[in-house]
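Accompanying notes for the structure given below.
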Amino acid sequence: MVLEALRYRRGSLQILDQLQLPQRSCYQAIRGVRDGQAAIRDMRVRGAPAIALVGCLSLAVELHGGTAGGQDAATVATFVGKALQDLASTRPTARNMAQAAEKLGAAVTHEAQCPGATANSVREIVIQLAEEMLEKDLQDNRRIGELGATCMMRGVAPQGQVTVLTHCNTGALATAGYGTALGVIRALHARGCLEHVYCTETRPYNQGARLTAYELVYEGIPATLIADSAAALALKEKGISAIVVGADRVVANGDTANKVGTYQLAIAAMHHGVPFYVAAPSTSCDLSLATGDQIIIEERPSQELTDINGIRIAAPGIESEPLLCRDLQESPNVTPCLRQDHPCSTITVKSIVQTLSNSTVNPDATPGIAPDPATGKSGEPQWPTSCCRKKLLIYS
């Protein structure tokens, strides 16, 4: 049976409440934008692709009734624009919701300006595009999984099996289904090429322990849960072939915003010579930002670090610096490109940009782009040449 994080049919959206997992599997109805915002803010749904989908589909559900937003095209367009702005600001680190808002906003503006446009025609364009996004995300995840599995087998175990470490949750619970980094793991398992998975607990919100472990057990994938602080030792002693993680945002130089703890994993991987892969859809790629320093990092409530299920575990009165609070809480932090000779990749649907780790290669040369296995064509977007000095990128 397929794990369903989202249940959608036109006019109806339900999400699997991830705050209740793994103890309870219960679905929450999302009746409109306000419900969608609350689910995203409270992390009943999380993961950059899933956030965008729930945001857009919550708007589609609200518009489906035929009265939301007003009685003419211009009024509905204004309503949609405000709703998209609110949704995009709920958790700003992830690129996907902002990109979806831009796409929907442009389509709505165009439709509203067409001769004969009506309130219903504007509503319909939003609903259609949101439904297309849902279908595309699932297709993209499967392609990321297949491309990532192929790349990983060629790179680290051309004639054998791989043992993989992953961080946070990047599976069906974080997407329309299948997953990004966990999709790569699923593809490896389906091919019979996966020996074992190590997943971190992922403090402070425990997405690894609560969600990734749940998905791995659900699908019968051999896995072991480890403490965040045991990851470096696992790299040293457990024969880990590669690390694969997801991303909320990847910028032009290859810097990646992902769950707190990703940076230290990348450093540990570099020390032990373990390839480091980032799996993300192209909607997570933001080439408008030059480096990770420009990414807006959300700051979550301090209670997410000091409390567990409403019970305080930290000493009363303990202080934290704002920067440390930002880095230590659930909100993502930025993993910069590491040194040139460390094998590091970003996996997406379309293609692979090879790292220029050979010192005899001109560091300003155009990145090598492997073709899309489905079409034989090079993928977009085109990454600036500066990123290939430090990082291997495989992107959708």
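Residue numbers in this text run from 1 along the chain shown.
Placement of Cβ uses the backbone N, Cα and C atoms for every residue, glycine included.
Per TrEMBL, the features are:
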- ASP248: active site, proton donor (ACT_SITE)
- 360-383: region 'Disordered' (REGION)
- CYS168: site 'Transition state stabilizer' (SITE)
Give the distance between the Cα atoms of the residue listed as 'active site, proton donor' and CYS168 (site 'Transition state stabilizer'), rounded to the nearest whole Å.
12
Packing count at the residue listed as 'active site, proton donor' (other Cβ atoms within 10 Å of its Cβ):
29
